[in-house]
Amino acid sequence: MTDNARQIVLEHATEGAKLRERYFQQNADRVVELALQMALTLARGRKIMFCGNGGSAADAQHLAAEFVNRFMMERPPLPALALTTDSSILTAIGNDYGFEQVFQKQVQALGQPGDMLVGISTSGNSPNVVLALKAAREKGVTTVGMTGRGGGEMAALCDYLLDVSDRRTPLVQEIHITVGHLLCQLTDHFLFENVLALQPYLEGKAPE
């Protein structure tokens, strides 16, 4: 039994490492592109919102905390919030309108043109995240998806999509939080270490 348990550990680590290496070989440029857009969003005085369910809700809260507090360097707090944390709002909307609208209504209330919404879903099909992305598009909020399994319904709603094309939920989640950490680090890099990279875009050039 001990040998079997050890094998489970090693197989998970091996498969996770293979998927991680393949993912970042294919998507490194997309991660950098999104981090640049996050930095521009914040440099323009806008905010980043996050939403998801279950483990993805935990990721949403984790990443919002990294922006508001700090990541790896000392720097000013950055405006970010998770739409998963207020039990009164979540239960009021869920009770009166249904769980599908718990993020949508918050985006309608809080989202402003130029803000960003990051929806996290390992399936890409979470109804409440899908509706939140639709609401964001209606309000001129930049839409981002962190998904698995090809992106699902979210793919068509996202200005930026980081999809882990795999059906193993734990491995998808592990890459999501790694991507999130890289986005935090790179956003800090653009805002506080390489601000010259932002200047052309702040002066009117559209990101490529």
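Don't overthink the numbers, they just go from 1 along the chain as shown.
Placed from the backbone N, Cα and C atoms, the Cβ positions cover glycine too.
For reference, Swiss-Prot has these:
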DOMAIN    38-200  domain 'SIS'
BINDING   ASN53, GLY54, GLY55, GLU66, ASN95, ASP96, SER121, THR122, SER123, SER126, GLN173  substrate binding site
BINDING   HIS62, GLU66, GLN173, HIS181  Zn(2+) binding site
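Shown here: features listed in Swiss-Prot, placed on the structure.
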residue	record	DSSP (3 states)
ASN53	substrate binding site	coil
HIS62	Zn(2+) binding site	helix
ASN95	substrate binding site	helix
SER121	substrate binding site	strand
GLN173	substrate binding site	helix
HIS181	Zn(2+) binding site	helix
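Neighbour counts were taken at the CB atom with a 10 A radius for the binding-site residues ASN53, ASN95, SER121, SER123, GLN173; the maximum falls on SER121. The CA atom of SER123 (substrate binding site) is located 20 Å away from the CA atom of HIS62 (Zn(2+) binding site). HIS62 (Zn(2+) binding site) and GLY55 (substrate binding site) are 10 Å apart (CA-CA, integer value). Its Cβ taken as reference, GLY55 (substrate binding site) is surrounded by 16 other Cβ atoms within 10 Å in the chains shown.
Applying an 8 A CB threshold to same-chain residues 6+ apart, the list for HIS181 (Zn(2+) binding site) reads GLU66, PHE71. For the pair formed by GLN173 (substrate binding site) and HIS62 (Zn(2+) binding site), distance between Cα atoms is given as 13 Å, rounded to the nearest Å. Rounded to the nearest whole angstrom, the C-alpha distance between HIS62 (Zn(2+) binding site) and ASN53 (substrate binding site) is 13. Here the binding residues for substrate are ASN53, GLY54, GLY55, GLU66, ASN95, ASP96, SER121, THR122, SER123, SER126, GLN173. Their largest Cα to Cα distance works out to 32 Å.
The local packing around GLU66 (Zn(2+) binding site), expressed as other Cβ atoms within 10 Å of its Cβ over all shown chains, amounts to 20.
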